[in-house]
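According to TrEMBL, the protein has these features:
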type	residues	note
ACT_SITE	ASP62	active site, for OMPdecase activity
ACT_SITE	LYS64	active site, for OMPdecase activity
ACT_SITE	LYS64	active site, proton donor
ACT_SITE	ASP67	active site, for OMPdecase activity
BINDING	ASP14, LYS36, 62-71, SER119, 171-181, 194-195	substrate binding site
DOMAIN	8-210	domain 'Orotidine 5'-phosphate decarboxylase'
Amino acid sequence: MPLVPRSRLIVALDLMDGYEALSIAEKLGGIADAIKVNYPLILSAGLDIIKDLKKHGNVVADFKVADIPNTNSLICAQAFKAGADAIICHGFAGSDSVKACIDEASKYGCEAYVVTEMSHPGAVEFLQPHAFELVELARRAGASGIIAPATRPERLADIRRKAGKMKILAPGVGAQGGEARRAIDAGADFIIVGRGIYGADDPYEAALEFIEQLRR
Ligand code: O7M
């Protein structure tokens with residue numbers, strides 16, 4: 001199912017224990033718009049965890065796919081067959097590689113999102129100088145949306161201006177120092193929060209607190 005901003009929260013479950021991930025997903029009880037899975041969880045719990053997580057809502061497969069088009073198609077097909085609703089790919093591998101992910105997504109009625117500027121400090125070295133080109137690449141290829149940094153709200157705002165109707169998912173809120181409200185004000189449609197929720201004593205309460213901040 002396509003991502004629709006309701007709570008505007010996407011929870012990154014970067015855990016290395018499938019049972020713990022499922023237990024948190026269950027506790028969240030669908031209050032987030034999606035759960036994002038990344039390599040730490042998939043490599044430890046296996047791809048089938050996606051099917052179990054899907055019982056609790058949309059699942060975004062953050063595999064940051066960045067290979068040649070054929071390999072990208074094969075990776076995406078695995079994610080979608082496992083039940084993912086959306087895939088995340090890198091843009092720097094080029095438009096043909098991105099297009100392969102988007103084409104595969106559309107075969108399954110799913111979505112593809114493209115990473116532009118990342119949220120960590122090292123993103124200023126190579127990604128930031130090309131971020132606007134990556135936004136344009138994603139737009140032309142027909143991506144559903146892009147990833148842009150909640151840690152740099154001013155950059156997020158610039159990227160929003162160039163992104164047109166594409167949805168923006170903004171990671172870096174909480175543990176990386178980004179602020180939920182500022183990210184949304186800068187133009188993000190969703191924030192992505194990992195440690196700030198799964199690392200909290202009460203992940204449900206922590207998620208509610210982020211959602212409250214987004215409503216204010
Ligand atoms: O809140 P955190 O820092 O514990 O987790 C953030 C999550 O977002 C984690 O899964 C990262 O891999 C991911 N992420 C970033 O932190 N920065 C980025 O620039 C991009 C992503 C991401 O989700 O890319 C799709």
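Including glycine, each Cβ sits where the backbone N, Cα and C put it.
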GLY194 (substrate binding site) to ASP62 (active site, for OMPdecase activity) - Cα separation in whole Å: 13
Number of other Cβ atoms within 10 Å of the Cβ of ASP62 (active site, for OMPdecase activity) across all protein chains: 27
Where ASP14 (substrate binding site) sits in the secondary structure, as DSSP reduces it to three classes: coil
Whole-number mean of pLDDT values that fall within the domain 'Orotidine 5'-phosphate decarboxylase' (8-210): 98
Shortest C-alpha distance to GLY174 (substrate binding site) - which of the active-site residues ASP62, LYS64, ASP67: ASP62
Cβ atoms near GLY194 (substrate binding site) (within 10 Å, other residues, all chains): 22
C-alpha spacing of LYS64 (active site, for OMPdecase activity) relative to SER119 (substrate binding site), in angstrom: 14
In sequence order, those recorded positions of ASP62, ASP67, ILE68, SER119, GLY178 whose CB lies under 6 Å from ligand 1: ASP62, SER119
Fewest other Cβ within 10 angstroms of its own Cβ, chosen from the binding-site residues GLY174, GLY178: GLY174
GLY178 (substrate binding site) and ASP62 (active site, for OMPdecase activity), distance between Cα atoms, whole Å: 20
